Each structure stands twice: as C-alpha cells, then as structure tokens.
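What follows is a short report on a single structure.
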Amino acid sequence: SDPPPGAIRPPAAHILSPASNYELPRHAEYDDRRRSAPPPMSGSAPMQYPPGGNMHPSGSLSLRSSIDAGSTMHNNAPSIHGSFDAAGQRRVPPPGGSAVPLFPQDMTAAGGSYIKDLLEGRVKLLQEDNAMLRDNIRREQQAREDIARLMREECGALSNKLREAEGALFQKEGEAGRYKNELAQTMEALKIAEEAVISRDQVLKTVRSQLEEMDGKAQASAAESEAAKKRAESAESQLRAETVRADGCSARAERLDEHLREEREAARRASNELVEVKNERNALKASLEHMRAAADSGRGEADR
C-alpha cells in the first residue's frame with residue numbers, strides 16, 4: 001500500500017533486497033565461509049542481527065537496514081516511514097502498539113562501535129578478496145607462462161621434426177636424381193647395344209649373302225671339276241683306245257700322252273681350286289658362326 005501523504009517514500013523493493021548491495025563479486029568459497037561463520041567484531045560485544053533478516057550474508061548491512069539503523073541510532077526512535085520487510089512491504093504494527101524497532105537496545109547503545117567493527121570486517125574481507133585475486137592472477141600468469149613454455153617446446157620439437165623431414169626429403173630427392181641419371185645412362189647403353197645388334201644383323205646378312213655367293217661359286221667349281229674328271233676319264237678311255245691302236249703310232253701316242261698329262265694337270269688344278277674353295281667356304285662358315293655367337297651375346301647383354 002502507498003504511504004500516507006507527507007511521508008517519505010521508501011526505496012524500491014530491489015534496493016531493499018539483501019542482494020542489492022553494490023559489492024564486488026567474490027569467490028564462492030569465501031561467500032560460503034561468510035555465510036557459515038561471519039567475521040567477529042573487535043572490541044565489542046557479539047554482534048546481534050536485526051530482526052527481519054536484513055543483514056547481508058557477506059556480513060554487511062543492506063541499504064534498508066542502514067537507513068533504519070541510522071534513524072534508530074540517531075533518534076532512538078523508529079523510522080518516520082515505518083519498517084519494511086525484505087520484499088519491500090511495509091510492516092504493519094499490531095493494534096495499540098508502535099512500530100517494531102529493527103535493532104535491539106544493546107546494539108543501538110553501541111552504534112559507533114558496531115559500525116567500526118562492521119567496517120573493519122568489511123576491510124578484512126576486501127583484503128582477503130584482494131589477496132585471492134592476486135593469487136588467482138599469479139596462478140593465471142604462471143599458467144600462461146607454462147602454456148607459453150610448452151608451446152615453445154612443442155614448436156621447437158615440431159620445427160626439429162620438420163627440419164629432419166626436409167633433410168630426409170632432400171636425401172630422397174638426391175637418391176631419386178641419382179637413380180634417374182643411372183636409368184638414363186642404362187637407357188643410353190641399351191640404345192647403343194640395340195644399334196650394335198642392328199649393325200651386327202646387317203653384317204650377318206651381308207656375310208650370309210657372301211656365303212651364299214661363295215656356295216654358288218663352289219658348286220660351279222665342283223661342276224667344273226666333275227666335268228674335268230669326266231673329260232679326263234674320256235681322255236683316258238681315248239688314251240687306252242689309242243694305246244691299243246697306237247702300236248704302230250708312237251708319235252700319236254706321245255701326243256696323246258702329252259694331251260693326257262695336260263688334262264691331268266688341268267684336273268689337278270681344278271681339284272686344288274675346289275679344295276681351296278672348300279677351305280675358304282669352311283673359313284667363312286666359321287667366321288659366320290663366330291659372328292652369330294657374338295650377336296647372341298650382344299642380344300643377351302641388351303636384354304639384361
């Protein structure tokens with residue numbers, strides 16, 4: 001309900017709330033400790049909390065309690081606008097009675113001592129909060145330094161690994177280049193071997209054609225030798241016939257003998273030529289076999 005005309009309007013409900021004090025945020029463990037065991041006041045009797053629960057859990061008075069405490073301690077009388085509960089609602093006095101004071105008489109009698117002890121407790125709490133914040137800052141700084149050190153160590157290790165990997169890669173690239181050069185040299189040698197094999201094949205074809213030509217000549221020489229033999233046999237048969245008929249023809253017999261010797265000499269020369277042709281043919285065949293063996297070995301080397 002609204003206050004009567006001329007009365008001082010009470011503060012708003014959120015200002016009267018115990019949680020509305022303008023205080024710095026504190027750590028949870030300190031708030032729990034304050035709620036469980038408020039700090040003692042030095043030089044005075046044990047503190048008595050005002051009725052209505054207007055004492056903040058941290059140990060400080062709320063704004064509403066401070067207003068009522070100031071009016072009670074200075075005037076030794078209730079507030080002119082009455083008392084309000086924690087929700088901001090006016091406390092209605094009982095019929096025939098007056099407003100209930102927020103503090104007992106022993107507290108109002110020693111108001112200055114109470115405020116002093118309250119402020120000392122407040123300063124002590126602030127000092128504890130400051131020490132706690134400094135400790136937190138120190139721990140955070142130490143954590144940052146540890147993190148930076150670990151990051152430097154990890155970055156150093158990663159840098160070393162990267163350098164090792166680069167060195168290994170450089171070595172692998174060098175080996176790959178060396179293998180590539182060896183492969184190029186091998187391909188060049190293979191190309192040269194193929195060219196040598198091709199040239200040897202051409203030489204073999206030429207030698208084969210020469211051998212075929214020599215075989216033809218040998219066959220012709222053999223035919224001529226056979227013909228000479230046949231002529232010699234015919235001459236011998238003629239000589240025998242002439243010898244039978246040349247009983248009285250010695251001159252003719254001599255001529256026939258001379259002709260026979262000539263024919264025999266021709267046959268001997270033809271036979272010698274035939275032997276020489278055969279020997280030359282055998283030599284050419286041996287040379288051909290040697291060249292074929294060399295070509296086969298060259299092909300084997302090229303295949304390897």
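Counting starts with 1 at the first residue shown.
Cβ atoms here come from the backbone N, Cα and C positions, even for glycine.
Curation plays no part in TrEMBL annotations; they are all automatic predictions.
So that you can see what the record holds, here are the features copied from TrEMBL:
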- 24-35: compositional bias 'Basic and acidic residues' (COMPBIAS)
- 57-78: compositional bias 'Polar residues' (COMPBIAS)
- 1-97: region 'Disordered' (REGION)
- 215-251: region 'Disordered' (REGION)
- 279-304: region 'Disordered' (REGION)
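For the region 'Disordered' (279-304), the DSSP counts in helix, strand and coil order read 25 helix, 0 strand, 1 coil. With DSSP classes pooled into helix, strand and coil, the tally for the region 'Disordered' (215-251) is 33 helix, 0 strand, 4 coil.
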